[in-house]
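Summarising the annotation, TrEMBL assigns domain 'Aldehyde dehydrogenase' to 1-51.
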Amino acid sequence: MEVVSPSTEELITEVYEALPEDVEAAVVAAEEAYNNTDWATGPPTQRMDVLL
């Protein structure tokens, strides 16, 4: 799928469609990380530092 800038109509990038197996792997990895780390229970500032 092409991602096009709405203001310039210039092609920004292309994004490839995920297969069902790709989605399942991402969901499993996210659930595992959420359940087995302190991400969910840690302070918001810690999550902010990681995301920024």
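Cβ atoms are placed via backbone N, Cα and C, with glycine included.
Just so it is clear, the model here is predicted, and its values are computed rather than measured.
Break the domain 'Aldehyde dehydrogenase' (1-51) down by DSSP state and the numbers are 25 helix, 7 strand, 19 coil.
Looking only at the domain 'Aldehyde dehydrogenase' (1-51), the predicted model's pLDDT averages out at 93.
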